[in-house]
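Trainee: I'd like to ask you about the structure that follows.
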Amino acid sequence: MSAMRLFALTSAMLPLAFILSTSPFPATAAEKNVIVEQRNASSSPKQRLDQLFSQLKRERDPDKASSIANEIRLEWNDSGSATINLLMQWADKAIEEKRNPAALDFLDEAIALKPDYAESWNRRATLNFVMGNYRKSMSDIEHVLNIEPRHFGALSGMAAILSNSGNDQLTLKAWERFLDIYPADRTAQEQVNMLAEKLAGNRT
């Protein structure tokens, strides 16, 4: 699992496939072209995201919901600033080459230039987790959720950290928040059911 994949977990925790599916990856050139073509010139990024999240909340088919989630990720990956986008690309490359200190520098700069861009915080949260800096990772996640409370990728990261700490009750709450945004995700459903049963068993 590369550093860009959101929050590596042990086999007893989240399946790798789910972490990959909830991580917001950098968009390819082709994907960015699709975004541009699909965007309505009269709609703002916030309006597009609001519409996509509304669709995601209503959709019950997992495959269709996954497609909507991918559109949301693509929107998240565009900061609206060429400078920030370039810094994020440099950070991604540094992470891929395992130059984590350089990646942190790029992400720190992106955050300093545009502190309201959630994805730079989220990317740094991922890197901090991979580097074992769990408190810093959770702090970054909280910043992400302050900016974009519907960030299901950050919520899955929060659940991963809480699960690692052994706090099943708070892990369950994180997954319930996730499902309130993205109800069709099967793995999140399984996590909620598993944790609910485990906690119920502990009470008996």
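Glycine is no exception: its Cβ is also placed from the backbone N, Cα and C atoms.
Below are the features listed in Swiss-Prot for this protein:
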REPEAT    84-117  repeat 'TPR 1'
REPEAT    118-151  repeat 'TPR 2'
REPEAT    153-185  repeat 'TPR 3'
SIGNAL    1-29  signal peptide
Trainee: Using DSSP, what is the helix/strand/coil residue split across the repeat 'TPR 1' (84-117)?
Mentor: 27 helix, 0 strand, 7 coil
Trainee: What does DSSP give as the helix, strand and coil breakdown of the repeat 'TPR 2' (118-151)?
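Mentor: Within the repeat 'TPR 2' (118-151) the tally stands at 27 helix, 0 strand, 7 coil.
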